Amino acid sequence: MPKRDDINSVLVIGSGPIVIGQAAEFDYSGTQACRVLREEGVRVILVNSNPATIMTDPGFADATYIEPITSEVLEKIIIKERPDAVLPTLGGQTALNAAIRLDELGILAKHGVELIGAKVEAIQKGEDRQLFKDLVIESGADVARSHVAKTLEQAVEFAEDLGYPLVIRPSFTMGGLGSGFAHTRQELERMVADGLQSSPTTEVLLEESILGWKEYELELMRDTADNTVVVCSIENVDPVGVHTGDSITVAPALTLTDREYQHMRDIGIDIIRRVGVDTGGCNIQFAVDPTNGRLIVIEMNPRVSRSSALASKATGFPIAKIAAKLAIGYRLDEIPNDITKVTPASFEPTLDYVVVKVPRFAFEKFPAADAELTTTMKSVGEAMAIGRNYSTALQKALRSLEKRGSSFHWGAESRSVEELLETSRIPTDGRIVTVQQALRAGATPEQVFDATKIDPWFIDQIVLINEVADAVRDADELDAPTLREAKDHGFSDAQIAEIRGIGEQEVRDARHAAGIRPVFKTVDTCAGEFPALTPYHYSSYDSETEIVPSDRRKVIILGSGPNRIGQGIEFDYSCVHASFALADAGFETIMINCNPETVSTDYDTSDRLYFEPLTLEDVLEIVHVEQQAGELVGVVVQLGGQTALGLAKGLEAAGVPILGTSPSAIDLAEERGLFSGILDAAGLVAPRNGTAVAIDEAVVVAEEIGYPVLVRPSYVLGGRGMEIVFDTATLHDYFLRMADQGIIGEGKPLLIDRFLDDAIEIDIDAIYDGTELYVGGVMEHIEEAGIHSGDSSCTLPPVTLGRGQIQQVVDATRAIAEGVGVRGLLNVQFAIGAGVLYVLEANPRASRTVPFVSKALGIPLAKAASLVMVGTSIAELKASGLLPERDGSDVPMDSPVAVKEAVLPFKRFRTKDGLIVDSVLGPEMRSTGEVMGIDRDFPRAFAKSQEAAFGGLPLSGTVFVSVADRDKRSIVLPVLRLQQLGFEVLATAGTAEILSRNGIQARVVRKYSEEPAAGDSPSIVDLINRDEVDVVINTPSGRTARADGYEIRAAAVAADKPLFTTIAQLTAAVASFDAIRAGFDVTSLQDYAIAREARR
């Protein structure tokens, strides 16, 4: 069946901001879909609110809308663009829920738009817990005993029937949001309340406990002719009870017999048919009781999912690309396999290697959070590795996490076997290492299985790894057989060095002297049956290589590794654009990365892809292979965040050419003493500051500067470890915590700055070629200095800075670029306080705001910077038309305004008492993603950003106000405006008194900690929980008064109420209310570009 000729234009709905449970994998999926649809001659209209994505680049769609993903906005786009169809199955749960809402409101029928990729009935059957349960039972397959509840009362009643513990699973949510295991009625009531709140259909499934069962997934695809393929089987190493996104997973499934696999496959194919997915893919999860083999179906996703991206990267089978073709009418047997070019997509992939995915967590950002892993997903990223056996893939994946202690180690272990086993009973980040240590300390595999319920086969593999480590330790010398045995099981040179008590370079020298180097294999989808035509490689210590280096001029680009808070999709964006630009310039582009979620690890983003850990050893081996032919022009390290920058010195020491800013210049910017010299020479001012490597030094420096001080480690991203410290005792506590984490100490000094209160923070992204500075954009932060730039909302162009101040910022940036010796990208952060411009820090690399600037002003910063790194001048880039003559420092008055807003994951993290962690923002970054609002002025742009990030602001209702003493003067005008808009005002006694003096009538409510008066006197927390408050304004008052504020903020986050913790943020919101009332206009980036050209 050929492509449908009645579909000429398609509206693709993206997934919105990066959040836990829905991350960069949907940018990868959406980018593939947009590409293939355009290749098929379909006009693509895209809507997504996330500016950090590749898919929102104007080149991937004919009309690109960076707008909130709401029914109102989607209808306006449909009216304007008149698409024939809407494709929602590649944008995660966000897109699927949006499409269902369009159907329920009759918008699709009203405008004659078809839903493709999955019918509404199929989505309902797959997502509605009761419908799916009934369907599975009809098929003859087994499910856990369960009931669907729509009220708390129903849930309590059903729990009596099912018994404790039981599982709560909300409908139509992602990443297990609102789910969990309830062991008591108290836990049940809290979890059901959360689940009902999280579910758009206000329903939860209560299910018998299957804790400790083995968990599997199948990725399937089906077309309109009923051709069905199982793309990949995935097995969770962690048993049921840990969300699959938080579990170590392996593909293909390794502990199923062929009979068990075929049975699971048959069930999966029957379910996809019954659900009715006939133009795309789906993911089905199963559980198997290890005691008797009972197999049950857990749930399904009737769309491309997080696991689909992993399955695509694991197999080389592009699920999203094929799903897009199926959606416009093709059959599987009509779609060629990109990798072999001779087999169709109806051939199921075959693997002759093992793939392991390991999650990356960010509990260090939320120290109060309970670190136990449950059915609610908490990981913020993941790394993937490919090996010829499980032990190799596992060890490579663990070292890809780039976290201290994440790999297996063989140093001193002070804990006893009993302590290690007890620790391993609770699933946490790093449990696999605890298991390794327990086995090493003498625990038996049976004891480990009893504690963890991890399948014995996986435990035996760790026993094997420990045995190899013992052989390395006990060998008389580090000879070739010993080294080869270690390498065959994934040991790094650093691990071997630790076991032997020698240096890593000594191991590397011995290995090279013995002629032991990796070869590189190819991912081909067919286990070598057909030749692979796409260069997608992984390392192995087998004897035969499958690659031949080209004789071209080539550039290696180091990716940013697994996503984490502070280093996310924004850096992948820069890497991808560098690859595109350098390829267009005639270079062979070689990407090294280990993140399965990203566009950079798609097999057709670069000329050659190495799916490898970003460690010095692994990168050097790739460099060695590529230098065997052609010319390696250099390695790009300034686009992959701190991961890539951290390798610069080691690569340079090994004689590898570094493109762009040199490692010594990077040190000039990072090392406080050297950077101060540059500022002094340029006549620039920094806040009073100093450095320390010992606690006594730190105390002296802090007392000289004067409290409060801002403290942070060197060489970190995302403000990791950054805090505002008010006294010596807190400084002592801070220093010990950071030293324990190994991020400060000798060679890693602590940076101490005077904290600037009431200052405006400014960001600038620019390119410098050694002669000319080109400004990408100057951004003004909405929140005052003290909140990490990644968590602060910002506006481009600035809305309160004068031309003179902007020019001062540009001049200072030029002086810094020249002094440091930048070649390529530079990000500088400034603050203006009391009329003085302070330099906070300079980063000679890509920043997380590069995509935002590029989308807001239409300037391809990453592409231009990559060409500057290989010697192209800014003048040449202007002459070629890649860079506009007018840079981002000179934005016309009538230009649109763009606002970036951070999206925060507080609802995912709870304390051991079940409370949501405190949502107060500070100098350490906590956001997982971002959105952009763009419109003709700041109020409209800000309103859009709030709608996209938080679901918008209510136009009426009740507002609660409780602010710190320092904010009581500045709170009056915003609250007065809210009252004029019709809001009823509630306040605590102290705040109400101030408001009353200024003519604002506020009803006094008691604090959470105050004793109730006679009669019914609900606290503010009670009112929030009863849904009697619509907006919460609460600014923190310092540590001693935090208890009340914390309870208020936690209740607001749990109830999904708009929460303002800074006056600046509130003031911006109040200014946007008129814009919200007027409704949003929608404009594509392409239309903005046309208007921009007309102004030039």
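Glycine residues also receive a Cβ, built from the backbone N, Cα and C atoms like all the rest.
Residues or ranges marked as ATP 1 binding site by Swiss-Prot on the basis of sequence analysis: Arg129, Arg169, Gly175, Gly176, Glu208, Ile210, Glu215, Gly241, Val242, His243, Gln285, Glu299. Reduced to three states, the DSSP call for Glu208 (ATP 1 binding site) is strand. Sequence-distant neighbours of Glu208 (ATP 1 binding site): residues of the same chain at least 6 apart with a C-beta under 8 Å from its C-beta are Ala144, Arg145, Ser146, Leu162, Gly163, Leu166, Val167.
All protein chains considered, the CB of Asn301 (Mn(2+) 2 binding site) has 24 other CB atoms within 10 Å. For the recorded site, Asn301 (Mn(2+) 2 binding site), the DSSP three-state label reads strand. What Swiss-Prot lists as Mn(2+) 2 binding site is Glu299, Asn301.
Look at Swiss-Prot and you will find Glu299, Asn301 tagged as Mg(2+) 2 binding site, backed by sequence analysis.
Marked as Mn(2+) 3 binding site by Swiss-Prot: Gln829, Glu841. Classification of Glu841 (Mn(2+) 3 binding site) by DSSP places it within a strand. If you draw a 10 Å sphere around the CB of Glu841 (Mn(2+) 3 binding site), it holds 17 other CB atoms from the protein chains shown.
According to Swiss-Prot, the Mg(2+) 3 binding site annotation covers Gln829, Glu841, on the basis of sequence analysis.
What Swiss-Prot lists as Mg(2+) 4 binding site is Glu841, Asn843.
Annotation source Swiss-Prot lists domain 'ATP-grasp 2' at 676-870.
For the region 'Carboxyphosphate synthetic domain' (1-402), the mean pLDDT of the prediction comes to 92. For 1-402, the entry in Swiss-Prot reads region 'Carboxyphosphate synthetic domain'.
Marked as region 'Oligomerization domain' by Swiss-Prot: 403-547.
The region 'Carbamoyl phosphate synthetic domain' feature in Swiss-Prot is assigned to 548-950; the stated evidence is sequence analysis.
What Swiss-Prot lists as region 'Allosteric domain' is 951-1096, and the listing cites sequence analysis.
Residues Arg129, Arg169, Gly175, Gly176, Glu208, Ile210, Glu215, Gly241, Val242, His243, Gln285, Glu299 are recorded as binding ATP 1; their most distant pair of Cα atoms lies 20 Å apart.
Cβ neighbours within 10 Å of Glu215 (ATP 1 binding site), excluding its own Cβ and spanning all shown chains: 23. In this structure, the C-alpha atom of Asn843 (Mg(2+) 4 binding site) lies 9 angstrom from that of Gln829 (Mn(2+) 3 binding site). When the C-alpha distances from Asn301 (Mn(2+) 2 binding site) to the binding-site residues Gly175, Glu215, Val242, Gln829, Glu841 are tabulated, the minimum falls on Gly175. Cα of Val242 (ATP 1 binding site) to Cα of Glu299 (Mn(2+) 2 binding site): a distance of 15 Å. When Cα-Cα distances from Glu299 (Mn(2+) 2 binding site) are compared across the binding-site residues Arg129, Gly175, Gln829, the shortest belongs to Arg129.
Under the DSSP three-state reduction, Gly175 (ATP 1 binding site) is assigned to coil, being neither helix nor strand. Mapped onto three states, the DSSP output places Arg129 (ATP 1 binding site) in helix. Looking only at the binding-site residues Arg129, Gly175, Glu215, Gln285, the one with its C-alpha closest to Glu841 (Mn(2+) 3 binding site) is Gly175. Around the Cβ of Glu299 (Mn(2+) 2 binding site), a 10 Å sphere holds 19 further Cβ atoms from the protein chains shown.
In space, Gly175 is the closest of the binding-site residues Arg129, Gly175, Glu215, Gln285 to Gln829 (Mn(2+) 3 binding site), judged by Cα positions.
Counted with DSSP, the region 'Allosteric domain' (951-1096) comes out as 69 helix, 19 strand, 58 coil.
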